[in-house]
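Undergrad: Here's the feature list from Swiss-Prot:
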REGION    1-28  region 'Disordered'
REPEAT    106-136  repeat 'PPR 1'
REPEAT    142-176  repeat 'PPR 2'
REPEAT    212-246  repeat 'PPR 4'
REPEAT    247-281  repeat 'PPR 5'
REPEAT    319-353  repeat 'PPR 7'
REPEAT    354-388  repeat 'PPR 8'
REPEAT    389-423  repeat 'PPR 9'
REPEAT    459-493  repeat 'PPR 11'
REPEAT    494-528  repeat 'PPR 12'
REPEAT    599-633  repeat 'PPR 15'
REPEAT    669-699  repeat 'PPR 17'
REPEAT    739-773  repeat 'PPR 19'
Amino acid sequence: MATVTNFKLVTPPESSRADKPGATKASDAFQEKKSVSVNYDRGEHEVSVNIGGLRKADIPRRYRIRVENDRFQKDWSVSEVVDRLMALNRWEEVDGVLNSWVGRFARKNFPVLIRELSRRGCIELCVNVFKWMKIQKNYCARNDIYNMMIRLHARHNWVDQARGLFFEMQKWSCKPDAETYDALINAHGRAGQWRWAMNLMDDMLRAAIAPSRSTYNNLINACGSSGNWREALEVCKKMTDNGVGPDLVTHNIVLSAYKSGRQYSKALSYFELMKGAKVRPDTTTFNIIIYCLSKLGQSSQALDLFNSMREKRAECRPDVVTFTSIMHLYSVKGEIENCRAVFEAMVAEGLKPNIVSYNALMGAYAVHGMSGTALSVLGDIKQNGIIPDVVSYTCLLNSYGRSRQPGKAKEVFLMMRKERRKPNVVTYNALIDAYGSNGFLAEAVEIFRQMEQDGIKPNVVSVCTLLAACSRSKKKVNVDTVLSAAQSRGINLNTAAYNSAIGSYINAAELEKAIALYQSMRKKKVKADSVTFTILISGSCRMSKYPEAISYLKEMEDLSIPLTKEVYSSVLCAYSKQGQVTEAESIFNQMKMAGCEPDVIAYTSMLHAYNASEKWGKACELFLEMEANGIEPDSIACSALMRAFNKGGQPSNVFVLMDLMREKEIPFTGAVFFEIFSACNTLQEWKRAIDLIQMMDPYLPSLSIGLTNQMLHLFGKSGKVEAMMKLFYKIIASGVGINLKTYAILLEHLLAVGNWRKYIEVLEWMSGAGIQPSNQMYRDIISFGERSAGIEFEPLIRQKLESLRNKGEGLIPTFRHEGTLL
């Protein structure tokens with residue numbers, strides 16, 4: 001049986017502690033009495049606060065006589081009345097409870113009742129009780145009641161109602177005091193109405209009411225939370241000029257203003273000033289600094305600060321916000337395991353994660369498409385008694401979109417509606433991306449239309465998502481439609497949207513349209529960035545417009561836009577395609593001097609440039625530089641280097657590079673195989689070539705027909721007909737398509753070695769595959785039979801060709817050769 005122990009602790013209010021020993025009975029009636037209940041078996045404890053208030057014995061005698069014999073009148077304490085009111089259903093009236101309460105005849109109970117209801121946070125119940133209170137005959141309007149009501153409305157962002165109470169209290173002859181203005185400024189600040197808050201401060205000064213530090217703090221917060229950090233600093237300066245010194249709360253609000261205004265560097269500078277003034281920061285201060293460091297990309301400094309907070313727990317102990325900020329930092333860096341570890345450390349230290357913490361964890365999983373793990377986190381949220389919000393469902397929806405499950409994403413969307421969670425614009429954008437990124441453009445457009453029907457206004461992110469889907473479909477008509485839809489809805493495109501549209505046009509091979517859109521972007525004074533020029537330069541190279549690509553580089557330099565690795569690589573590609581190796585070397589050196597370390601793409605572009613200009617030695621030197629700088633080559637770089645080895649007279653190095661690719665598990669491509677076969681041909685390494693055929697099985701389906709024909713020709717030209725036929729059989733088995741050119745290569749080399757039987761067999765294969773042999777193929781075999789086959793085999797060749805003609809039902813042409821009719 002559970003063991004329960006009850007304790008009663010009496011904690012007098014601050015005012016009564018200063019009272020004399022002969023305190024009035026009324027002051028004792030409003031003392032807070034704490035009751036503690038401990039269940040040792042379950043390891044639970046509960047603390048409740050009870051306030052008695054003025055009871056039946058304390059009300060005037062005329063009211064006491066009136067309720068003396070009425071069995072419906074109850075002598076409840078104030079806490080009991082609050083509990084009964086909270087137990088009412090939403091549709092039940094409060095009059096039934098309040099009219100049965102004897103304490104209603106003591107007007108001093110009214111402020112305490114409003115205060116206790118305000119603490120519970122039930123605004124609708126509090127409003128109904130206040131309405132009932134105002135119709136009581138013994139009610140007297142008081143400032144403290146109105147101040148509590150205005151503060152409660154501010155907590156729930158009911159700004160208009162709070163202003164209504166402000167004017168109502170003046171009608172009831174209650175003069176607003178500093179606390180009233182403080183509460184109303186706080187209400188406008190929460191709603192982002194900082195100009196209203198500034199006007200209230202002016203009204204306060206005109207009324208000769210001296211603002212307190214709390215008033216200034218609320219006004220600074222009103223400006224700062226709206227992103228107006230300059231106005232917040234002006235108010236702070238005015239505060240010190242008026243002789244009101246800032247406290248730690250003021251400093252935290254200023255830091256928060258910098259954070260809201262995205263002035264992260266200024267926030268760090270202000271923090272240094274705080275340390276110079278020996279202001280001791282608290283957990284809130286460090287939370288803001290960690291956030292700013294994360295936004296500036298200084299993750300190591302943020303982690304150092306977090307670790308120092310954990311080491312000095314007595315001074316500033318990390319709270320849920322601190323851990324959540326670090327989780328978000330790891331999520332942005334893509335370090336999911338560390339994000340999960342921080343979450344588990346938070347739980348291990350006894351902190352209870354809130355919905356924001358769970359959403360940060362789900363967001364980390366969603367970015368990587370880990371839908372199963374994200375779903376399990378949602379289950380943990382519900383299991384711990386937390387109600388998932390819109391962000392939770394949006395993260396889960398996004399995880400399904402990233403894992404290529406748009407159907408599951410739509411199910412989550414419908415589940416949100418079923419559970420009465422209204423999707424916002426971010427939710428719709430995630431659903432549009434789920435369909436668009438997986439090639440379902442029609443469904444993405446339908447979601448866009450449904451979004452408008454549901455009263456959610458699309459934003460520029462919605463347009464960007466649709467444009468990205470159009471880019472995958474490679475249809476310029478869709479791009480035009482999306483752009484016109486954005487224009488008709490008054491959506492102004494930003495840089496990211498223009499980049500998506502320009503990229504979509506280029507993917508649809510509409511370079512002129514892309515250039516026209518870029519010029520429109522410049523006319524509308526939308527600032528282009530490095531991504532814009534990367535798309536234009538790479539697109540121009542793809543369309544073989546190399547001079548135009550290079551002209552964009554000069555335009556970037558004129559606009560003082562910093563060059564990125566992608567821009568340098570695209571320009572290197574343009575120079576290499578034109579054979580301008582000197583200019584390519586200049587750009588490559590400029591890239592290194594600018595502190596932009598070349599990546600594998602830049603090195604590959606330079607390898608192609610050296611190959612095009614037949615500078616094989618420099619290509620080999622460049623590869624050594626790649627290795628020295630720790631750049632891992634990819635398949636394209638390896639094929640370019642192999643070509644340099646073959647052309648530069650170092651075919652043996654091709655095999656060394658091939659072994660390196662195997663060791664580092666770099667995938668082989670068709671170009672790589674061709675260069676290896678070329679090296680085998682040069683060095684007469686036919687055993688290695690035959691072994692290579694065995695290794696080609698997994699790669700054959702991905703090889704082009706032109707490349708397979710080249711490899712067949714390489715074997716045939718070297719007289720390795722058996723290896724050629726072996727490769728041909730593997731090509732057929734892999735399902736790769738073959739054409740007339742493939743058969744022509746086989747026939748040419750079979751005839752060159754005198755294998756006329758296989759020649760005729762290949763002709764039969766062609767007939768069976770529905771490919772009609774050319775006239776020249778028949779002339780070649782007939783000529784071979786007459787000149788080289790001898791008297792013994794020439795009639796046999798004619799007989800087989802005649803049989804083949806009969807099977808082909810006239811497909812084989814009849815022609816005369818040296819007086820002989822076939």
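Glycine too: its Cβ is placed from the backbone N, Cα and C atoms.
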Undergrad: DSSP helix, strand and coil counts for the repeat 'PPR 12' (494-528)?
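TA: Tallying H, G and I as helix, E and B as strand, the rest coil: 26 helix, 0 strand, 9 coil.
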Undergrad: Grab the pLDDT values for the repeat 'PPR 15' (599-633) and give me their mean, rounded.
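TA: Mean pLDDT across the repeat 'PPR 15' (599-633) comes out at 79.
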Undergrad: I need to check the long-range neighbours of the repeat 'PPR 12' (494-528): which residues 6 or more away from its ends have a CB within less than 8 Å of a CB in the stretch?
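TA: For the repeat 'PPR 12' (494-528), the list is 460, 463-464, 467-468, 470-472, 474-476, 478-479, 482-483, 486, 535-536, 538-540, 542-543, 545, 559, 561.
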Undergrad: May I ask for the residues of the chain that lie six or more residues beyond the repeat 'PPR 1' (106-136) and have a Cβ under 8 Å from a Cβ within it?
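TA: Long-range Cβ neighbours of the repeat 'PPR 1' (106-136): 26, 30, 51, 53-54, 58-59, 78-79, 81-82, 85-86, 88, 90, 93-95, 98, 142, 144-145, 148-149, 151-153, 155-156, 158.
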Undergrad: State the non-local partners of the repeat 'PPR 2' (142-176) in its own chain: residues 6+ outside its ends, Cβ under 8 Å from one of its Cβ atoms.
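TA: Long-range Cβ neighbours of the repeat 'PPR 2' (142-176): 110-111, 114-115, 118, 121, 123, 126-127, 130, 133, 183-184, 186-188, 190-191, 193, 207, 209.
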Undergrad: Residue list, the repeat 'PPR 4' (212-246) vs rest of chain: Cβ under 8 Å, 6 or more residues beyond ends.
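TA: Contacts of the repeat 'PPR 4' (212-246) (Cβ under 8 Å, skipping residues fewer than 6 from its ends): 178, 181-182, 185-186, 188-190, 192-194, 197-198, 201, 204, 253-254, 256-258, 260-263, 266.
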